[in-house]
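These features come from TrEMBL:
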- 30-94: disulfide bond (DISULFID)
- 74-84: disulfide bond (DISULFID)
- 5-97: domain 'SRCR' (DOMAIN)
């Protein structure tokens, strides 16, 4: 089953901080290595068309809750973020800003 994702804090459903539903709760994705390829996959998974930008530095506000994914590395062609390589978000390397 595909985990759900959402964009929050933006002006519409296709803009905002990417969050993923894992282990029964919404959590965040570390933006330290977030780039256009990662955003392209998130936009595709959300049904939002091509990526316009990939913002970091907590551009849509500080995340809350668990940090589920770190160092997401997508090629840009994957159908969902879950098909990309990522480190589980419990390493302690990334923190909410």
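Using N, Cα and C of the backbone, Cβ positions are placed for all residues, glycine too.
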Pick out which of the disulfide-bonded residues 74, 84 has the most other Cβ atoms within 10 Å of its own Cβ.
74
Could you tally the C-beta atoms, other than its own, that fall within 10 angstroms of the C-beta of residue 30 (disulfide bond)?
23
Take the C-alpha atoms of residue 84 (disulfide bond) and residue 94 (disulfide bond) and report the distance between them in angstrom, rounded.
18
Determine, to the nearest whole angstrom, how far the Cα atom of residue 30 (disulfide bond) is from the Cα atom of residue 74 (disulfide bond).
14
Euclidean distance between Cα atoms of residue 74 (disulfide bond) and residue 94 (disulfide bond), Å
18
Structural state census, the domain 'SRCR' (5-97) (DSSP three-state)
14 helix, 28 strand, 51 coil
State the count of C-beta atoms found within 10 angstroms of the C-beta of residue 94 (disulfide bond), not counting that atom itself.
20
